[in-house]
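A.B. asks: Structure below; questions to follow.
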Amino acid sequence: MKNRIKARRYAEALYDAAVERGHEDLIERELMAIRQAFSEPSDIVQFLQDPKQWMHRARIIKSTFMTFSSEVVKILLIMVEHHAEVDVPHMVDHYLYLLNEQRGIGVGKVLTVKALSPAELTEIETHFAEKFGYKELTLANVIDEDVLGGFKIVINQRVYDASVKKKLKTMRQNFVPLYKR
Amino acid sequence: MEIRAEEISALIKKQIQYYQNDTEVEDIGTVIETGDGIAQIYGLNNVLSGELVEFEDGTMGLVQSLEEDRVGVVILGSHLSIREGDEVKRTGRIMEVPVGKALLGRVVNPLGQPLDGKGTIKTRKMRPIEQEAPGVMARKSIHEPLQTGLKAIDALVPIGRGQRELIIGDRQTGKTTVAVDTILNQKDQNMYCIYVAIGQKDSTVRATVETFRRHGALDYTIVVNAGAASPAPLQYLAPYAGVAMGEEFMYNGEHALVVYDDLSKQAAAYRELSLLLKRPPGREAFPGDVFYLHSRLLERAAKLNDELGGGSLTALPFVETQAGDISAYIPTNVISITDGQIFLQSDLFFSGVRPAINPGLSVSRVGGSAQAKAMKKVSGTLRIDLASYRELESFAQFGSDLDKATIKKLNRGKRTIEVLKQGLHKPIPMEKQVMIIYTLIKGHLDEIPIEDITRFEAEFYDYLDAAYPEVLRDIRVTGELNNEGDMQEAIRTFTTQFSVSY
């Protein structure tokens, strides 16, 4: 949480650079792989943080990510130089967020008690896209028994709560005045 | 029990009217840090400063600081049930308090919730606690007096309706007493009073409320209490809640008096809050906007013009000084904001001058134009008399050889001080104040021994009530000294029959 602003700065810079050259989609695919590599537990992060390997860091990165586009390799080099290797997954997340905002895609989750069928999920996605102000939605189905029934969609700190839990809570609030809660 | 069909349909009709099931997309955030009455929240992307947010358990919070990826929220209520990871919702509302006449006689907290156990407050009217002060054109010059019932204030530092008069002094100098006496004197004066107690012991507030009740002042008074045990955000909000309740009266063309007891504690609460919100500290560790904190509060005191109903809101802020130091940060700030100050001094208090008002340092910048003509006439020379007495007093201590004129001045000064003394919770109506000061300045008290002055005053009032009610009525109704002959006669007849004690 603490370094999220730092990670955002890298993501914004990378995104701007990618847009200028017009290959943000290619970088997106590459970043997915990089996130995989840098997500914990990660051998590469451990290696990069090892003081004994200090001199070899740049060389290792260059050789490991040889096939990747130059912007991606360069941002990794810069981040490693700044000791920000642990922020790489956050950077990737924010890059994807920026890209999806640009494309009008909302990425989030839908909380239900039982797993939704693919048809139901698609229906929710198409139905709520406009309500959230996006062209389309990509929702991950999360099982959460706390919602009791119905569903709850969370996209980028915005929520559409149609769960039974919420209804019960509203009902309770209407019965009990604020200062007695 | 029988239920008729039309009743059912009426019920359903009502339900149709108020039925709502349209779930909306809401902005949410996540608590990432909480403690000391403050929560840091991630998310809440579009939240506005000053907006109310709701925590999972229904506790409300007030958005105070907006940063790039987080917002700082002060928790209004218990912070014990708020945990890391809790969901926080925007409400889209700003903070409001209930207002109106239903609050009179009640003791409430800064959120407008009752503390006195007399049940719910039956009012639907709400007012935002932060509101813009009336502008230049909405105002009018102050011209009506606010009678405090204290001779020393009404004569030397008169207060007008719509004025902001600071009451400043050390602890234990009778600041609260001045306010309580002023509120007690507002009976039948067409004035609503709001007493805002900030950071005081609940037992003290209870005693004050009891005083109000005993003197029948609770019928026109609202008490807003944020006690010493209440969290800093509530202490910080209490004056704003009080002024919002007062504004309701003012904008309805009525007169309101708001007493803030005291603003130094509010500033301390705000300092605590600001430091926890990681705002940079300035002088005496107060945040940079502590001046604005008080100026926007006191600016809401006003006398409205006639198109707006001519209502008024008078503010009596209190500031506690440390060892008489009025050049500390908060005292200088509030002195510069207000239209004058009443300075209470502890050495005067302990030498028996009560109320312990220092006439040299106390001023009222606008009250003079609100003073009744009669009072203005009799009290005109009082301040100079007192000043020259103080000057001579220190000289007279060295030698005993004094000329007649000096002795006369000293005598007059001693009696002036004696006349300005006043008992606890004994407000005196304006006409009686005029009479006693008139007696003093015309020299009728010069022959009375100093020990007898208090007794003389008390008996004089009774005598006037009994023998010369028309003189009093004349002053009260016209506010002028029309009939000095009668006044002289009343004084003469009383002094001749007054027996001096031996």
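Numbering starts at 1 and runs along the chain as displayed.
Including glycine, each Cβ sits where the backbone N, Cα and C put it.
Annotation comment: TrEMBL describes B:GLY169, B:ASP170, B:ARG171, B:GLN172, B:THR173, B:GLY174, B:LYS175, B:THR176 as ATP binding site. According to TrEMBL, the feature domain 'ATPase F1/V1/A1 complex alpha/beta subunit N-terminal' maps to B:25-92. What TrEMBL lists as domain 'ATPase F1/V1/A1 complex alpha/beta subunit nucleotide-binding' is B:149-364. The domain 'ATP synthase alpha subunit C-terminal' annotation in TrEMBL covers B:371-492. Look at TrEMBL and you will find B:SER362 tagged as site 'Required for activity'.
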A.B. asks: Suppose you look only at the domain 'ATPase F1/V1/A1 complex alpha/beta subunit nucleotide-binding' (B:149-364); what would the mean pLDDT be?
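C.D. replies: Within the domain 'ATPase F1/V1/A1 complex alpha/beta subunit nucleotide-binding' (B:149-364), the model's average pLDDT equals 95.
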A.B. asks: Cα-Cα, whole number of Å: B:GLN172 (ATP binding site) versus B:SER362 (site 'Required for activity')?
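C.D. replies: Taking the Cα atoms only, B:GLN172 (ATP binding site) lies 18 Å from B:SER362 (site 'Required for activity').
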A.B. asks: B:ARG171 (ATP binding site) to B:SER362 (site 'Required for activity'): how many Å between their Cα atoms?
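C.D. replies: Rounded to the nearest whole number, the Cα-Cα distance is 17 Å.
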A.B. asks: Quick check: in three-state DSSP terms, what is B:GLY169 (ATP binding site)?
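C.D. replies: DSSP assigns B:GLY169 (ATP binding site) to strand.
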A.B. asks: State which of the following binding-site residues has the fewest other Cβ atoms within 10 Å around its Cβ: B:GLY169, B:GLY174.
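C.D. replies: Counting other Cβ atoms within 10 Å of each of the binding-site residues B:GLY169, B:GLY174 gives the minimum at B:GLY174.
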A.B. asks: Cβ within 8 Å of the ATP site's Cβ centroid: which residues qualify beyond B:GLY169, B:ASP170, B:ARG171, B:GLN172, B:THR173, B:GLY174, B:LYS175, B:THR176?
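C.D. replies: In sequence order, the nearby non-listed residues are B:GLU320, B:LEU344, B:SER346, B:PHE349, B:ALA356.
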A.B. asks: Are there any residues at least 6 positions away along the chain from B:ASP170 (ATP binding site) with a Cβ closer than 8 Å to its Cβ? List them or say none.
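C.D. replies: Non-local contacts for B:ASP170 (ATP binding site): B:GLU320, B:THR321, B:GLN322, B:ALA323, B:GLY324, B:LEU344, B:GLN345, B:SER346.
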A.B. asks: Given a 10 Å Cβ-Cβ cut-off, pick out the one of the binding-site residues B:ARG171, B:LYS175 that has the most other Cβ atoms nearby.
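C.D. replies: Of the binding-site residues B:ARG171, B:LYS175, the highest Cβ count within 10 Å belongs to B:LYS175.
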A.B. asks: Cα distance, B:SER362 (site 'Required for activity') to B:THR176 (ATP binding site), nearest Å?
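C.D. replies: B:THR176 (ATP binding site) to B:SER362 (site 'Required for activity'), Cα-Cα distance: 17 Å.
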A.B. asks: Sequence gap of 6 or more, C-beta under 8 Å: which same-chain residues meet both conditions with respect to B:SER362 (site 'Required for activity')?
C.D. replies: B:LEU156, B:VAL157, B:GLY340, B:GLN341, B:ILE342, B:PHE343
